[in-house]
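Per Swiss-Prot, the features are as follows:
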- 5-27: transmembrane segment (TRANSMEM)
- 32-49: transmembrane segment (TRANSMEM)
- 53-71: transmembrane segment (TRANSMEM)
- 84-106: transmembrane segment (TRANSMEM)
- 116-134: transmembrane segment (TRANSMEM)
- 155-177: transmembrane segment (TRANSMEM)
- 182-200: transmembrane segment (TRANSMEM)
- 207-229: transmembrane segment (TRANSMEM)
- 234-256: transmembrane segment (TRANSMEM)
- 265-284: transmembrane segment (TRANSMEM)
């Protein structure tokens with residue numbers, strides 16, 4: 001059951017880039033709208049579950065939310081600079097490395113030699129798959145490039161994004177606090193952080209309100225990942241959640257109209273296959 005719940009973030013989070021890309025708006029508008037939606041989701045969950053809130057839960061949740069807002073804001077910027085089908089796969093690969101190493105090494109989630117062998121093979125498959133989905137055909141760049149894309153700015157944004165996302169998950173796993181109690185203060189921290197990035201920079205209009213939909217998707221994926229993180233560990237739960245890259249990459253091409261050459265489509269297909277193989281290996285570890 002834990003493995004099935006761990007796959008919910010894959011679908012929910014894998015759809016966020018597509019939904020926000022379809023809705024439109026600036027990176028700041030997308031982040032602000034998303035955090036408002038996540039706050040509404042957490043308020044409903046709080047009144048339904050009625051978890052106990054401690055001082056530690058409030059502080060850790062709030063800090064986690066602040067760092068998440070940094071990660072998400074910079075990821076939206078990277079997608080503006082690099083496109084969804086390129087920016088999101090690279091972001092996923094960077095997060096996979098950080099969270100897997102943290103879970104396996106620092107939190108001692110992998111204790112046997114087999115765990116490390118199978119785990120790092122799975123990670124290699126995932127990262128290689130992510131690399132293939134983001135790989136570009138140099139010969140076709142004049143045809144497929146967009147004048148608004150900037151790879152260097154995108155990479156800088158992704159570095160900040162990875163730091164933010166890394167702290168968001170690692171701090172919660174390190175403290176072992178109740179996930180149901182975490183999400184409300186976490187969503188408040190998210191909104192505060194998003195408001196900071198959007199201060200005097202964002203026009204609150206229909207793009208903000210429509211992007212609340214992505215917040216509901218994020219909230220669903222978030223609580224499922226936090227719950228499974230305690231059962232199967234950070235390394236595996238986070239890695240499985242990032243398999244949504246298949247949805248975001250193919251959706252970016254077929255739904256958002258991001259153009260790919262024949263060679264790039266070849267890379268994407270084989271990249272998705274490697275991501276799936278990596279996910280199967282991770283599932284085997286906890287079977």
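Glycine residues also receive a Cβ, built from the backbone N, Cα and C atoms like all the rest.
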How about the transmembrane segment (84-106) and the transmembrane segment (234-256): do they have 3 or more C-beta pairs under 8 A, pairs 6 or more apart in sequence? yes
Candidate ranges 5-27, 53-71, 182-200, 265-284 - greatest C-beta contact count to the transmembrane segment (116-134) (under 8 angstroms): 265-284
Within-chain partners of the transmembrane segment (53-71) [C-beta distance under 8 Å, separation at least 6 from its ends]: 31, 35, 160-169, 171-172, 175, 177-178, 181-194, 196-197
If one takes Cβ-Cβ under 8 Å and requires six or more residues beyond its ends, the residues near the transmembrane segment (265-284) are 3, 85, 89, 118-119, 121-126, 128-135, 137, 236, 239-240, 243, 245-246, 249-250, 253
